[in-house]
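A.B. asks: So TrEMBL lists the following for this protein:
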type: SIGNAL; residues: 1-19; note: signal peptide
type: TRANSMEM; residues: 534-556; note: transmembrane segment
type: DOMAIN; residues: 534-798; note: domain 'G-protein coupled receptors family 3 profile'
type: TRANSMEM; residues: 572-592; note: transmembrane segment
type: TRANSMEM; residues: 604-626; note: transmembrane segment
type: TRANSMEM; residues: 647-666; note: transmembrane segment
type: TRANSMEM; residues: 692-714; note: transmembrane segment
type: TRANSMEM; residues: 726-748; note: transmembrane segment
type: TRANSMEM; residues: 754-776; note: transmembrane segment
type: REGION; residues: 814-863; note: region 'Disordered'
type: COMPBIAS; residues: 822-839; note: compositional bias 'Low complexity'
type: COMPBIAS; residues: 852-863; note: compositional bias 'Polar residues'
type: REGION; residues: 883-982; note: region 'Disordered'
type: COMPBIAS; residues: 926-941; note: compositional bias 'Low complexity'
type: COMPBIAS; residues: 945-957; note: compositional bias 'Basic and acidic residues'
Amino acid sequence: MTLYSCCLILLVFAWNTAAYGPNQRAQKKGDIILGGLFPIHFGVAAKDQDLKSRPESVECIRYNFRGFRWLQAMIFAIEEINSSPTLLPNMTLGYRIFDTCNTVSKALEATLSFVAQNKIDSLNLDEFCNCSEHIPSTIAVVGATGSGISTAVANLLGLFYIPQVSYASSSRLLSNKNQFKSFLRTIPNDEHQATAMADIIEYFRWNWVGTIAADDDYGRPGIEKFREEAEERDICIDFSELISQYSDEEEIQQVVEVIQNSTARVIVVFSSGPDLEPLIKEIVRRNITGKIWLASEAWASSSLIAMPEFFRVIGSTIGFALKAGQIPGFREFLQKVHPKKSTNNGFAKEFWEETFNCYLPDGSKNSPASASFHKGHEESLGAGNGTTAFRPPCTGDENITSVETPYMDYTHLRISYNVYLAVYSIAHALQDIYTCTPGKGLFTNGSCADIKKVEAWQVPFSNCSRDCLPGTRKGIIEGEPTCCFECVDCPDGEYSDETDASACDKCPEDYWSNENHTSCIPKQIEFLSWTEPFGIALTLFAVLGIFLTSFVLGVFTKFRNTPIVKATNRELSYLLLFSLLCCFSSSLFFIGEPQDWTCRLRQPAFGISFVLCISCILVKTNRVLLVFEAKIPTSLHRKWWGLNLQFLLVFLCTFVQIVICVIWLYTAPPSSYRNHDLEDEIIFITCHEGSLMALGFLIGYTCLLAAICFFFAFKSRKLPENFNEAKFITFSMLIFFIVWISFIPAYASTYGKFVSAVEVIAILAASFGLLACIFFNKVYIILFKPSRNTIEEVRCSTAAHAFKVAARATLRRSNVSRKRSNSLGGSTGSTPSSSTSSKSNHEDPFPLPASTERQLQQQRGCKQKVSFGSGTVTLSLSFEEPQKNAVANRTTKRRNSLEAQNSDDSLMRHRALLPLQNSESLSAEPSFQAVSSPESSSQESMVGDSKEEVPGPKEEPSLPSANSRNFIGTGGGSVTENTVHS
């Protein structure tokens, strides 16, 4: 029985070998053989055959240069893989390629050759037959071109589970895996193309079209899909016809009549080039123009249709084309073809003869190639054309690049690129088998196939789809049966731990899927930790602020009786430093894992601390401003300026913030919560503030107090430095505003742990700004400039301020008097403005004794430069002990007696330097108030040698000239004032 089967198979193989002689195939040996099916010819010669004689193989006619180029693409890909060191190393791919002649019969003949060879190889007949040339099984077939041909081939190859990878068959019927189990392709199916055709017609608002389709498995399903899409878009179809390259002339005439009589100007054609060519020829003969053709990809770029003589008919064609690709080195490979060099390619001889219209000397003139040429040209040129009967011999030196044929048209490689991809897809499947690890293979129990003995059924997977590994799930493919599915990766947050899972399971709330989605791992928990670098840095800055504030508080406590500390309102300074300690300390509540109690404590602690701090600055600044603006200090002023009222104001300002915090904590208390929404893989533990409005009121009230404090600081900028550091408070408030204005967008744009970090940075920046601007300058004077921390320095600064205010008031009075005199007297002259000066360049009529002069030179004193208007005043103040001033006092009394002789006007001008009642409505500057001290006398007398200088009638008003003015205070020292005109 075995011998009988062997003989039967050998007969079949011998018949196929006869049908495909040495010049009818391309073949090369290898460890693994790939089959190929390509349309080297456009069709077969028509022959009437009956059952009275033995059937004979029909001849192929009309050479297809593009088909030969597609064949060359397969050979190029195989040779490229064989030379690759990484893809199938130590393995050689061979090939057996046949011509389908664009017909089903020829394609099935070639397919039987593959099957028969595989059966001979599987029977292992080496012991029965002396086979010198053993050819391995064909494990996969690349092809075919037309969908109808591929349908027939797929039915046969599917019986033996031989994989088929088509490069041009786009029929949607081939997607049925139940019928075509081993069919694959590198081209999309026609459903997309039919839908696109309907979209184009709808876009141009055409609603009246005709349809023509090839009468095969390519044209019929394609035009059917188009009709479905057209019906959905309300597109009407006038006529629908079927054509074929084997249709008789009467059928073609009938279709042309329908086209000619139709009023539809748009014709949709689903056909291949060979099937459409007879119809186009007849339309050209009848000169039917004015039609718009919508072409499928099979004939849109066909060399049979793209003929110059057809352009007047099909010039208005909208066609579809496949995406082109690039094949490096393919152009040079095409140019190397030669019959003598391409020994493995039996089609090269006929290609050479057809390209140069000659015959090779070693071939017969009546060879099949010549016969096909003769017949094809006789059909096109007509019988009796003797010029086509014979061809000249080929020299073999012809240049392939000198002839323009579709073979060398490699500018847009579409089908050729699909062939290239088909070969590489098979090679990569073999590579997976070659690198298979036992236990993880694709076959039973994870076994692997032997690459040296691989069988055709082992190349693709036996099921419709591969098993879905853990971490993936089965996804439904629309239009495919349930056994055909795609493996879809589980989305983030879901996992599957089994093979072929139908669905992925969600991870628990506090877990997230791992990288492979095969299990769940705990989510990362984040908050502003004490141990992370950012948290450590913020903690160190907070501790540094606490240390610096404590140091300043210690310095102020130790030097509490010094003038600098006293002048800055000692008690309020202590309270201010305590509030800064609270500010720095409150920032630490924002670091660490948030708890309910920390969330409820941190915002009120921060808000109350800052309000307490700003309130102290506000009361201290306002108190000094009120003292210097008071007209005459009374006991009532002293009562209201006392410490009790100051602390009461601080308490009231702070109490408002406390009320805000209490309402907040009662109505919407903050709490900690775990935020899973910000990032999938991270849980942020943060504080939910409860009410953002309450937080806004807390920060807004603090900023309101800061704005009021800034106003008073700016208003008191001209007071003595010792009583109010106005510019430093102004700078600190500016820093405060900049920090908290920047905080709002930063707070709104951040999330997670960075929200707490932003607020900590704002608290520390504002606290450092207040501490540095208000206290660092004083600490520097106390520790490093003790000479400035004296009562004389304080008095000197106060006297300078008093003189400046008084002088400005005197100048305004003089200007007002001059304007009034001018308006009353009508005089064009002017009176000099407050030229209250002494003649410093003249001799003193009452010179002091030499001993007294030496004593005055030894007195302690200071100098202050005061600028006002356009003048600069250098104020020299000297202080001496009461017991050392006897001589000076006597001299002063003598000079006072002489000064009494001066006019009343001069006396009033000098009294301008005394405390003034600010009753002038024109005066915008605050008047100077002499503040009495229990440590000094309660009166000050002011005398000096002065002489009023009256300028001429035409002299313009001027500031005091370079004269000197002296006045002596009884509170322990004499004051000498020198005025220098600027």
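Placed from the backbone N, Cα and C atoms, the Cβ positions cover glycine too.
Because the structure is a prediction, the values reported are computed rather than measured.
Can you walk me through where each of these features ends up in the structure?
C.D. replies: Outside the transmembrane segment (604-626), and at least 6 residues removed from its termini, the chain residues within Cβ reach (under 8 Å) are 568-569, 572-573, 575-576, 579-580, 582-583, 585-587, 589, 641, 646, 649-650, 653-654, 656-658, 660-661, 664-665, 698-699, 701-702, 705-706, 708-709, 712-713, 715-716, 719, 723-724, 726, 729, 732, 736, 759, 763, 766, 770, 774.
For the transmembrane segment (726-748), the residues of the chain that approach it from at least six positions outside its boundaries are 614, 617, 621, 699, 702-703, 706-707, 709-710, 713-714, 716-719, 755, 758-759, 762, 765-766, 769-770, 772-774, 777, judged by C-beta separation under 8 angstroms.
Taking Cβ pairs closer than 8 Å, the transmembrane segment (754-776) reaches residues 527-528, 534, 538, 541-542, 545, 548-549, 552, 573, 576-577, 580, 583-584, 586-587, 590-591, 594, 606, 610, 613, 617, 686-687, 725, 728-729, 731-732, 735-736, 739-740, 742-743, 746-747 in its own chain, all 6 or more past its ends.
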A.B. asks: Would you kindly list the residues that approach the transmembrane segment (572-592) from elsewhere in its chain, counting only those six or more residues past its ends and only Cβ-Cβ distances under 8 Å?
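C.D. replies: Answer is 527-530, 535, 538-539, 542, 545-546, 549-550, 552-553, 556-557, 565, 598, 601-602, 605-606, 608-610, 612-613, 616-617, 619-620, 646-647, 650, 756-757, 759-760, 763-764, 766-767, 770-771, 774-775.
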A.B. asks: How about long-range neighbours of the transmembrane segment (647-666): same chain, 6 or more residues beyond its ends, C-beta under 8 Å?
C.D. replies: 571-572, 575, 600, 603-604, 607-608, 611-612, 614-616, 618-619, 690-691, 694-695, 697-698, 701-702, 705
